[in-house]
Amino acid sequence: MEMMIKKRIKQVKKGDQDAFADIVDIYKDKIYQLCYRMLGNVHEAEDIAQEAFIRAYVNIDSFDINRKFSTWLYRIATNLTIDRIRKKKPDYYLDAEVAGTEGLTMYSQIVADGVLPEDAVVSLELSNTIQQKILKLPDKYRTVIVLKYIDELSLIEIGEILNIPVGTVKTRIHRGREALRKQLRDL
């Protein structure tokens, strides 16, 4: 996969826009999910994901072909998302949509293996509550929690994306989990 991406990047650097469209197709869902998990708003996540791809395209010449493209792209998206979070009004959370439920019905959440509807509702409510609590974490903790537990990235990848040492990543994950644990004690 990484070899194909590098091939496409070389084509993009030579002016082939279709090659970049292939790259977007590969990463669009992952980048959107990252933005959505950090912002909790569908429209803002779409805007930031689109902006991340635009920035990647415009700055593709600065990309070091010897590095991992996904890490570079995640860093762009993460930085843009953090910038958006910083610019938001403090009362944003009061008006935010419930994360993870855009366009989904309760019926679509029920698993076909015989899970009771009540259990599915409780699970969805818990998931939504956890997502809301994650959105209330400070930016530096929210970012690492989302990258580690939602996007399932390694500590090294998170460090590269955020341009911080792995030790700092571990500390932020620990402190983020502790902050999340304190928020969830009320349940």
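For all residues, glycine too, the Cβ spot is worked out from N, Cα and C.
For the ranges 39-42, 47-50, 95-98, 135-138, the feature annotated in Swiss-Prot as motif 'Polymerase core binding' maps to 47-50. Beyond the motif 'Polymerase core binding' (47-50), the same-chain residues lying 6 or more positions past its ends with a Cβ under 8 Å from any Cβ of the stretch are 28, 31-32, 34-35, 39, 77, 80-81, 84. Sorting the region 'Sigma-70 factor domain-4' (125-187) by DSSP state (H, G, I as helix; E, B as strand; all else coil) yields 50 helix, 0 strand, 13 coil. In the region 'Sigma-70 factor domain-2' (3-95), helix, strand and coil residues by DSSP number 77 helix, 0 strand, 16 coil.
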